[in-house]
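Engineer: Please find one structure pasted underneath; my questions will follow.
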Amino acid sequence: YKLSVSPEMDIMEYCRKEWRGNTPVAKRMRKGYEAVAQKFASIRRIRGDNYCAFRATLFQALSQATQLPRWLQSEDFTMLPENLLSKYDWIKQWQLKQKPGKKMAEISDEIKEYLILLRKKWKNISEIKDPLEKQEACDKLFKNEEEEYSLYEALKFLMLNTAIELYNADKSGRRVPVFSWLLFARDTSSNPCQLMHNHLNHIGHSGGLEQVEMFLLAYALQYTIQVYRLYKYSTDEFITLYPNDPEEDWPVVTLITEDDRHYNIPVRMCQETTL
């Protein structure tokens, strides 16, 4: 049995264990971890399957949530699958986790359940005032495999919805963020249908999130995802923001990556440890 989010470990201790040698790469990684350690005291390893970007982002968002985001409060939030399926027939080909080939009505019901679960968990955790208790609730949620993977399905569907909104906005001449052009400039995702078939349906199964999809995730959640990209240490891209021009009122979550494929999370901001 693998833990989804392993217990805290001192960042520099973790770094020494992982990067012992004297190769240029090891030296750069150590420098990167030292920089992160200026801000955060500990690291928590995220289970390394193709969901790790979702897992790291959602865990961080929930563990610091103090209220339900606006988009989760809206009345028609849980009607999303029905509404989209009534407009876009191709969504029938949505690939449910480990359940390929489900019928359209079942897909709609199932995704609706995932969205309801996401709202419920977010609400419950955000209402917990005690930080220790909040952390325990998050740890417990990320030990429940069935629920955890259902939440990732909800996130994927929200990404599809966001992609459709951006695509339609661009087609009707409205301003869209630059990443949206990049997203639909790929041969494999020139429209939302292709994005679903060639990318979203594969996340968690045969692939993780690509860079441009990190932007899409950030927009879907209305969160700024700040990532320490350790292999980019001493370049402008060492700390990358998704999106790079975030809305001021979006909350920020912080992740760490050594290679843009696997993500871990830094915890305990150093200010807390000095209080």
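Using N, Cα and C of the backbone, Cβ positions are placed for all residues, glycine too.
Any TrEMBL annotation is an automated prediction that lacks curation.
Okay, so TrEMBL annotates it like this:
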type: ACT_SITE; residues: Asp49; note: active site
type: ACT_SITE; residues: Cys52; note: active site, nucleophile
type: SITE; residues: Glu237; note: site 'Linear diubiquitin binding'
type: ACT_SITE; residues: His262; note: active site
Engineer: 10 Å Cβ neighbour count around His262 (active site)?
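Structural biologist: The answer is 18 other Cβ atoms.
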Engineer: Out of Asp49, Cys52, Glu237, which of these recorded positions is nearest His262 (active site) by C-alpha distance?
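Structural biologist: Result for His262 (active site): the nearest of the recorded positions is Cys52.
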Engineer: Counting other CB atoms within 10 A of each CB, which of the recorded positions Asp49, Glu237 comes out lowest?
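Structural biologist: Output over recorded positions Asp49, Glu237: least Cβ neighbours within 10 Å is Glu237.
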Engineer: Using Cα coordinates, what distance in whole Å links Glu237 (site 'Linear diubiquitin binding') and Asp49 (active site)?
Structural biologist: 25
Engineer: Under 8 Å between C-beta atoms and at least six apart in sequence, can you list the same-chain neighbours of the residue listed as 'active site, nucleophile', or say none if there are none?
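Structural biologist: The answer is Ile46, Gly208, His262, Tyr263.
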